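> Sharing the features that TrEMBL gives for it:
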type     : residues  : note
TRANSMEM : A:20-39   : transmembrane segment
TRANSMEM : A:55-72   : transmembrane segment
TRANSMEM : A:101-125 : transmembrane segment
TRANSMEM : A:137-167 : transmembrane segment
TRANSMEM : A:179-200 : transmembrane segment
TRANSMEM : A:212-231 : transmembrane segment
TRANSMEM : A:277-296 : transmembrane segment
TRANSMEM : A:327-345 : transmembrane segment
TRANSMEM : A:357-390 : transmembrane segment
Amino acid sequence: MASKPTAAPGRDLKAAFKEAGFAALVTLGLCIPIIAWGTRQNMDNVLVLDPRWDAVAWAVGIVFVGRLLVALRQQGRREAKAAVRLLPHGTIAFFQRHSRLFSLFGLGFLVSFPAIAIGLAGWGGALKWIDNFGVQILIYVMLGWGLNIVVGLAGLLDLGYVAFYAVGAYSYALLAKNFGLSFWILLPLAGILASFWGMLLGFPVLRLRGDYLAIVTLAFGEIIRLVLVNWTEFSNGYAGISGIPRPTFFGIPFTAADDGFAAVFGLEFSPIYRTIFLYYLILCLALLTAFVTLRLRRLPVGRAWEALREDEIACRSLGINTTNTKLTAFSLGAMFGGFAGSFFAARQGFISPESFVFMESAVILAIVVLGGMGSLWGCAIAAIAMIGGTELLRELDFLKQVFGPDFDPTKYRMLIFGFAMVVIMIWKPRGLISVREPTAFLKEKKTISADLVQEGHG
Amino acid sequence: MTVAQPLLAVRGVKTYYGKIIALKGVDIDVNAGEIVTMIGANGAGKSTLMMTIFGNPQAREGSITYEGRDITRMPSHEIARLGIAQSPEGRRIFPRMTVFENLQMGAAVRNFEHFDEDLEKICVLFPRIKERLQQRGGTLSGGEQQMVAIARALMARPKLLLLDEPSLGLAPLIVKQIFEAIRELNRTQGLTVFLVEQNAFHALKLAHRGYVMVNGVITMSGSGKDLLANPQVRAAYLEGGRH
C-alpha cells in the first residue's frame, strides 16, 4: 500500500481513495465480461445481448464505497490494533468445558424438534419445518460427519465424496425396485457397497496426497456421475429412477390404506407421520456416525488416522501400516456416505444424476472445512448454517415487496455462500471450531488453542 | 571381526533416488549393546542410509540383515515391529496431538503393553516431557520436540534405536542433555543405538565405534576415540567446527 509517512497520525484520504479506486477498477474489469450483458434467445433462436450497465455501475459503486470504508478503518486502527471479536473471549473454551452438557441439550432439542415444530407451526405448517429443515439439515450433518473421517481425521482431501452418496442411493433404488428388498436390509447393504467403492478408490490413490489426491477423487466423483448418466440400461440416465419404494415402519407402510400406519395406530391419516419417522431415522443414522467417530478416535485406528494426517513418514517409522489406515478411512467414510445415500433415495422416492453433481461434494467439503476439520460440533453448526441458510432464503418472501415480484432470494445462494466463506476464512482461518480435543488425558481435560500451532499443520 | 553375529548388518547396499545413486555400496555392522555413529557432511547419504535400513526407500542392491533376518525388502511398518525404532530426521512429531498422544503412538507397535511403566521411565529420563504431557507437540521448543521424538521411539521398547541427527538446530546445552540420555539408556538398559550425526565431536565422544561417510561411501571406520584422534577426521569435521 502506498502510504506516505505523514507527520500527523490523521487519516490519509488520498491513499484510501487510491486504494478504493483500484478495487473499483478491478471490479469493472471483472464485471464487463460477466455482468455487463445479459444473454437470451429470441423467437428465432438468435442470441440477444441486453446491456446491463446499471448493474455494473451498482457493483463498482458498492466495491468502491466498501473498500474506501475498509481502508479508512484500517488506517484508524494502525496504532491501537483492536481485533474485532464476534464472540467474547473464552466462549469456545466455555463451550468445551461444558461440552457434555451442551451435547445433552442439543440431543434433547433434536429429539423433541418435531414436537416443537408441531407446537409452534401446527400440524399443517410443521411438515415443511421438519422436512425442509430437520431432515434436510441432518442429511448434510451426516454427510459432513462421514466426510470428516476422511478429510478431518485422516487428512485425505476427498473432492468426490458425493460418489459414495450416489452409490448408496442407486444401490437402494435399484435393489428395492428390482428385487423388492426392504429398506432395513438394503440400508446396511448400501453401506457395504459404498465402502467397497471407497476401497476401490483407495487403492489407486494410496501414494497420492494433498492436491493430487484431490484431483483424482474429483475425477472419481465425475466418473460415477457420468456412468449413471450414460449407462441408461442400468440407471435410466438423466431421467432417473422414480417410484422408489418408501421405507415402512417395520413393515407397516405410511399410506392412507387400511393396513397403513395411521389406521393401525388408530390415528387420522396425515403425511406428517412419515416425515417424522424419516426425521428420527436420519437422526439415528447421524448419531450413529457421530458415535462411531467418537469411539474410533479413542481407538488405535482413530489415533492412527490423526497421526497419518499429521505426518505420514513418522507414522511408518512407528510401525503403522499406512496402507490399511488409509483404506479403512476411505471405506468407513464411504460407508456413511452410502447410508445417507440410501436414506436420501428412500426419502425422495426419485433420484437422478442431477442430485450427485460436484456442487454437492463441494458443499459437503465446505461444511467440514468451515466447521473446523475434525470437529463434530463444527460440522453440525456449519451444516445448519449452510443448508438451513439456503432453506431460509426460500422463506424471505417479504423481500419481494422490496425488490419487486421477480426477485428470488435463492438465486443469491451462491453469492452468499461465497461471501460467508471469505468472511470465515478471514475471521477464523481454521474453521469455526479449530481446537482439537485430545483423546487421552492424564488428569483433566485441557485444550490449547489452535492459534499456537503453525498454519497448515493439520 | 567379532565372533558373534552383529545385530544389524548392512552389506553392499546401493540406494538410488530415481537414476541418481545415493549410497554406492555401504557396509556397516552394529553389534548388540553398542553405540555406533556415522558422521559425514551434508548430502553424504547418512540419512539415506538410515531410511534405507527402515525400508523407505528400499535398497536396490545389497542386503540388510537384522538378528539374522533379511529385512531388505520388508515394508517399514513390519521392520518397526521387529524391534527397530527410529527418531527420523527433523523430529517429525505430530504437531496437533498432545505429547501424551505422541507417546501413545509410539507404543502402538507393542499394543500398549507396559505403557504406564514405560511412561514412568520416560518421565525420569526426560523430566521436561513430564511437564509437557498435555501440551500439543507443535507448541514445544525444538529441544523438547527432539526429546519427544526419542521418547516416542523408546515407547516401542526397541532393541535397536536409530537416531537421525538428534542435535540438529538445538542449543549446545540441550544437545548435551540428549546425548547424556542416550548414554544412560545404553549403559543401564543395554540399548543398541545407531546414531547419524553432523556434530562429529559429540557423536564420536559418545560412540563406541564410528564410521565416516563421504558421497555415499564409507571412507573410514574405527573406535570413537581413534576417529576423534585421527588427523584427517579432525581436519574435515572437527577443526573450526568444534563447539
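Glycine residues also receive a Cβ, built from the backbone N, Cα and C atoms like all the rest.
Annotations in TrEMBL come from automatic prediction, not curation.
These numbers come from a predicted model, not from an experiment.
I'd like these features described in context: how deep, what's nearby, how far apart.
Counting only same-chain residues 6+ beyond the ends of the transmembrane segment (A:55-72), those with a CB under 8 A from a CB of the stretch are 11, 13, 15-17, 19-21, 23-24, 27-28, 31-32, 35-36.
Note on the transmembrane segment (A:277-296): residues 107, 110-111, 113-114, 130-131, 134-135, 138-139, 141-142, 145-146, 148-149, 153, 247, 249, 254, 261, 302, 305, 332, 336, 339-340, 343, 346-347, 376 of its chain, located 6 or more positions outside it, place their CB under 8 angstroms from a CB of the stretch.
Below 8 angstroms of C-beta separation, residues 139, 142-143, 145-150, 153-154, 156, 158, 161-162, 164-173, 176, 183, 186-187, 190-199, 201-203, 206, 244, 278, 281-282, 285, 288-289, 292, 296, 301, 305, 308, 351, 355 of the same chain, each at least six residues beyond the ends of the transmembrane segment (A:327-345), sit close to that stretch.
Sequence-distant contacts of the transmembrane segment (A:357-390) (same chain, six or more residues past either end, CB-CB distance under 8 Å): 95, 99, 106, 133, 136-137, 140-141, 143-145, 147-148, 151-153, 155, 158-163, 165, 218, 221-222, 225, 290, 293-294, 306, 410, 413, 416-417, 420-421, 424, 428, 430-436, 458.
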> By a Cβ-Cβ criterion of under 8 Å, what residues six or more beyond either terminus of the transmembrane segment (A:101-125) are in contact with it?
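For the transmembrane segment (A:101-125), the far contacts come to 95, 134, 270, 272, 276, 279-280, 283, 287, 380.
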